[in-house]
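Novice: Please read through the structure below; I'll follow up with questions.
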Amino acid sequence: MTLYIRREASKLWRRFCSEITTEIGLLAENWKYLLAGLLCQYIHGLAARGVHYIHRPGPTLQDSGFFVLPELGQDKGFISETVFTCVFLSFFLWTFHPFIVKSKKIYTVLIWCRVLAFLVACQFLRVITFYSTQLPGPNYHCREGSELARLPRPHNVLEVLLLNFPRGVIYGCGDLIFSSHMIFTLVFVRTYQKYGSKRFIKLLGWVIAILQSLLIIASRKHYTVDVVVAWYTVNLVVFFLDKKLPELPDRTTALLPVISKDRTKEESHKLLNGNGVDPADRRPRAQVNGKDSNGGHTDNATNGT
């Protein structure tokens with residue numbers, strides 16, 4: 001038993017080291033895209049913080065979802081946040097499964113480049129939308145009479161740039177259309193739908209996305225229109241952007257993605273060694289009439305003809 005555990009642990013460690021080497025090479029080539037995506041996440045948070053300064057509380061708007069779904073109450077608002085946290089952590093961990101699982105379809109660096117591209121495109125549209133029209137927030141801390149509904153003028157620039165994290169992120173107001181939680185949820189679900197392998201988890205992801213939508217409305221964190229707009233906007237953005245982005249390499253084959261630096265080195269090595277001919281041109285030719293086309297002269301010499 002101990003020998004089996006050691007052997008499996010050794011295999012796992014070799015697989016982990018091999019994956020680390022591959023991912024470091026991909027990171028060296030794609031780090032600027034990841035950095036730009038993370039920077040845009042901060043800019044999105046900065047925009048959401050900025051709209052809170054101009055938010056003005058008022059009567060909650062008439063909403064069909066509020067009539068259909070009973071109000072959960074302020075003490076149960078954590079339920080939707082818990083569901084979202086589970087979705088986020090599950091997807092995050094899944095993107096790192098190639099480091100330990102033998103069967104894999106994705107590269108961690110490349111999948112996050114793709115996911116961040118989807119998120120940034122959706123968040124760009126979201127910022128334009130909630131700055132175009134400021135609606136009175138339906139959340140409890142955004143209603144009239146709440147001290148958090150209006151933000152006082154900032155005392156310094158750092159107060160704005162630091163976003164008053166994490167309190168300023170949790171108790172934001174004014175960034176309504178469309179739901180940021182639904183952007184992340186739908187992007188994650190659609191990504192797993194394409195690159196995941198478990199059919200049950202794919203179905204479960206869509207069920208959780210629907211449940212998350214209902215919980216957001218029942219918690220009065222967003223109007224129904226915020227959730228509805230998120231559903232068709234995110235799906236359309238991902239659909240069209242997915243066709244424009246280069247497809248991920250297929251990991252079902254034994255070939256690794258060729259990094260441009262390695263490709264240049266390989267081509268230079270071939271030229272220096274006089275191996276510029278495609279190796280495919282050197283493969284043995286098929287026999288014709290019982291004679292090898294490459295070795296025709298040799299065979300003739302051997303036979304004395």
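Glycine is treated like the rest: Cβ placed from N, Cα and C.
For His181, His222, Asp226, the entry in Swiss-Prot reads active site, with the evidence type similarity to another entry. The annotation compositional bias 'Polar residues' is assigned in Swiss-Prot to 290-305. Residues annotated as region 'Disordered' in Swiss-Prot: 266-305. The annotation transmembrane segment is assigned in Swiss-Prot to 34-54, 81-101, 105-125, 169-189, 199-219, 222-242.
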Novice: Other than its close neighbours in sequence, what residues sit by the transmembrane segment (34-54), given a CB gap under 8 Å and a spacing of at least six beyond its ends?
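Specialist: Distant contacts of the transmembrane segment (34-54): 27, 109, 112-113, 116-117, 119-120, 123-124, 126-127, 130-131, 134, 151, 153-154, 160-161, 163-164, 168-169, 172-175, 180.
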Novice: Could you give the Cα-Cα distance between His222 (active site) and His181 (active site), in whole Å?
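Specialist: The Cα atom of His222 (active site) is 10 Å away from the Cα atom of His181 (active site).
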Novice: I'd like the Cβ neighbour count for Asp226 (active site), meaning other Cβ atoms within 10 Å of its Cβ, all protein chains included.
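Specialist: A count of 27.
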Novice: Given the active-site residues His181, His222, which one has the fewest other C-beta atoms within 10 angstroms of its C-beta?
Specialist: His181
Novice: Where else in the chain does the transmembrane segment (169-189) make close Cβ contacts, counting only residues six or more beyond its ends and a cut-off under 8 Å?
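Specialist: Distant contacts of the transmembrane segment (169-189): 44-45, 47-49, 51-52, 54-55, 57, 80, 84, 87-88, 91, 115, 118-119, 122-123, 126, 129-130, 133-135, 137, 139, 141-142, 148-149, 163, 205-206, 208-209, 212-213, 216, 221-223, 225-227, 229-231, 233-235, 238.
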Novice: Mind checking which residues of the chain, 6+ beyond the ends of the transmembrane segment (199-219), have their Cβ under 8 Å from one of its Cβ atoms?
Specialist: 63, 65-66, 69-72, 76-77, 79-80, 83-84, 87, 139, 179, 181-182, 185-186, 188-189, 192-193, 226-227, 231
Novice: Looking only at DSSP and grouping its letters into three states, which state does Asp226 (active site) belong to?
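Specialist: Once the DSSP labels are grouped into three classes, Asp226 (active site) ends up as helix.
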Novice: Can you tell me how far the Cα of His181 (active site) sits from the Cα of Asp226 (active site), in Å?
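Specialist: The separation of the Cα atoms works out to 10 Å.
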